[in-house]
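The feature region 'VTT domain' is assigned by Swiss-Prot to 96-207. According to Swiss-Prot, the feature signal peptide maps to 1-17. The transmembrane segment annotation in Swiss-Prot covers 67-87, 90-110, 153-173, 175-195, 219-239.
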């Protein structure tokens with residue numbers, strides 16, 4: 001009960017702080033209406049139309065209030081990640097539209113890692129009992145898999161991020177229960193989600209620069225789409241290669257054990 005109350009207090013305080021940050025907007029002379037310039041709050045996008053509208057508003061704000069937009073974006077991203085709220089993919093796309101493909105990618109990778117670690121810490125302090133109570137079977141299954149791969153835990157965590165057998169938010173919540181070291185957890189998120197973040201950020205960068213259908217078929221856009229395809233395919237190829245190698249090792253060890261039994 002005390003853990004739940006503490007978590008609710010932290011959540012309420014963070015929500016209120018983000019609310020103040022998104023409603024006390026500085027006025028921007030580049031925005032034409034008073035409604036756009038400060039008499040309305042910003043919002044989390046729920047579809048591509050809202051995402052595009054929000055992107056246009058924030059890009060106008062960024063011309064005069066670059067630091068404020070940066071702070072607002074980081075706060076919103078960490079809020080979603082720390083409290084395991086779905087929808088970070090929209091923020092990744094927004095990062096590409098606001099900050100460009102490479103700065104956006106770097107920012108999303110860092111924020112994803114910090115936010116996931118925040119979720120780890122909140123779960124460690126407030127949520128262990130709640131997670132075990134509501135998801136006992138999932139925790140038990142994941143615990144078994146982690147223990148089976150304890151010797152190569154970091155690479156197993158990378159595998160889970162690249163090809164999640166369980167949702168990322170649940171892995172963030174259950175990691176302290178599974179005794180996953182926080183340093184390994186942080187860097188597995190930082191590295192393992194690079195392909196996913198890259199795809200989302202590049203998508204946002206492309207969408208923000210398209211002004212007509214002709215621009216969709218430009219060489220620059222074609223190279224970006226090719227890069228997205230390669231990043232999506234390479235991790236799967238590498239994981240498949242390492243999985244086959246591991247399978248051969250297992251087969252070899254099984255053969256040795258069978259031969260030793262025949263000898264005895």
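Cβ from N, Cα, C; glycine included.
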Go through the chain and flag residues at least 6 beyond the ends of the signal peptide (1-17) whose CB is under 8 A from any CB in it; none is fine as an answer. 75, 79, 82-83, 122, 125-130
What are the DSSP helix, strand and coil residue counts for the region 'VTT domain' (96-207)? 96 helix, 0 strand, 16 coil
In the region 'VTT domain' (96-207), averaged pLDDT is 91
